[in-house]
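Copied over from TrEMBL:
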- HIS53: active site (ACT_SITE)
- ASN126: active site (ACT_SITE)
- TYR336: heme binding site (BINDING)
- 6-390: domain 'Catalase core' (DOMAIN)
Amino acid sequence: MAPVFTNSNGCPIPEPFATQRVGKHGPLLLQDFNLIDSLAHFDRERIPERVVHAKGSGAFGEFEVTDDITDIVGSAFLDTVGKKTKIFTRFSTVGGELGSADAARDPRGFSTKFYTEEGNLDLVYNNTPVFFIRDPSKFPHFIHTQKRNPQTHLKDANMFWDYLTTNQESIHQVMTLFSDRGTPASYREMHGYSGHTYKWSNKKGEWHYVQVHFVSDQGVKTLTNEEAGALSGSNPDHAQEDLFKNIAAGNFPSWTCYVQTMTLEQAKAAPFSVFDLTKVWPHKDYPLRRFGKFTLNKNPENYFAEVEQAAFSPAHTVPFMEPSADPVLQSRLFSYADTHRHRLGTNYTQIPVNCPVTGAVFNPHMRDGAFQVNGNLGAHPNYLATDKPVEFKQFSLQEDQEVWEGAACPFHWKYTDDDFIQATALYKVLGKYPNQQKNLAHNVAVHAAAADHAIQDRVIEYFNKVSHELGSNIKKELLQLSPRK
Ligand code: NDP
Ligand code: HEM
């Protein structure tokens, strides 16, 4: 049956395009609720876009446990091989606005919400295994340099490279970003990485540090700088189109899930800190162990309701999975829910895409607020009342925890030449693939050519510390693209 067209209060409207006026051509009347309500609602259609990761695409799907992992983690959704959990994934670019091009050179966000029986687990990952910063207070500074100049309102190569070349811990991520993996061919054809170290524990209370990898079953496919530039003009929404059309056609993308683990003793002995987000755990020392697979098999019915209003947070976790002490991760635990309250309102978890599937959320002291829509726990007292029985579910806690001690003091990581070790390892990895080292030098040069010569010199020096060959190839191309008098 076709729906009856109504006002927002449900009153049927016989003529949607008529306006109430004095006579046929006279002024409009304030009593015309249909018109006023429509315009007023239209005026408020936009919510703040995400301050980062504004442009994105999403889909629903299913996660399945493929291998027993219960010796590592006690979470219920991972307790049986073959067990399935509904998921929602959102992919994104980072720096651009809602209308920006999908082919931008940028890391890609890769967030997945697992609707588990113990609450929602959000894995808020990127398609790169490392990040630009390891001191969280740098985040707003760093992000501003990737966005627009406050005066010209243009992207600004001077700001971009000024920041990066003076914050050398960024080099590993910048190498990835300017390799062809900085311009993935589609969201389907890229991996996802936790980047951060997390902590998983089993039901006996034994715990490990972990890094999680989602490996694309479609393989990795990338664009060259020139292909990405052309695509940004011809089809700025190419990744949205690719994801939507493939799922609509039944060509469901999937990823295989792996975990790397470290004991506390191994972490103490490792040649890098597991809390340093600019470092990977080498595969040969910390092998990947398979535990699951997920498939995206359902497009959203409505983009705004399900993709734009999706709220992911690294703080949304489930029993037996915890954050590590990585300071960037610790800061993210605060930042995401804070931005959701601003972007979507205090009751953002009541929006269907964000709602746990566990039945009613029961926290009777968290009441009221804008857009309270789930009954507000009715007449139940708005505090934990002694005469109302409540179950407090226990799950085994780790007995042998990390022990922290020391004076409360400001800390930031010091620069050392170690910052370049893994960047150099990546340069060697690129050497195994045709054109990848050459493309990296080219991709940097065409971007840095828009910066002042003094900053270009710093760019050459920055990459020289990774490899003299790389520095000198960038220099050669920069001299051609941006000749010196
Ligand atoms: P391995 O040789 O065991 O692994 C190299 C990794 O590099 C593979 O995961 C491969 O991914 C990935 N890779 C291949 N080409 C590129 C590229 N163009 N851009 C980015 N990554 C690429 O070496 P290690 O584990 O010792 O790591 C060496 C370097 O590889 C690291 O310093 C890091 O930069 C990079 N790397 C390491 C990862 C890790 O978790 N250890 C993950 C990703 C990158 P694929 O299998 O998809 O081809
Ligand atoms: C989105 C903050 C680092 C991955 C966001 C948003 C904020 C934010 C405010 C917007 C969220 C929203 O509006 O819903 C921060 C801060 C960081 C940080 C303060 C460091 C201090 C990282 C890192 C990763 C990451 C290291 C990956 C490992 C993402 C992803 C999204 C996102 C994937 C998009 C989520 C979505 O799809 O809705 N971040 N971020 N961020 N961030 Fe971060």
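The count begins at 1 with the first shown residue.
Glycine too: its Cβ is placed from the backbone N, Cα and C atoms.
Sequence features, as recorded in TrEMBL, placed on the structure.
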residue: HIS53; record: active site; Cβ neighbours (10 Å): 22
residue: ASN126; record: active site; Cβ neighbours (10 Å): 24
residue: TYR336; record: heme binding site; Cβ neighbours (10 Å): 19
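In this structure the alpha carbons, written CA, of ASN126 (active site) and the residue listed as 'heme binding site' are 15 Å apart. Between the alpha carbons (Cα) of HIS53 (active site) and the residue listed as 'heme binding site' lies a span of roughly 12 Å. Across the residues of the domain 'Catalase core' (6-390), the predicted structure has a mean pLDDT of 96. In the three-state DSSP reading, TYR336 (heme binding site) counts as helix.
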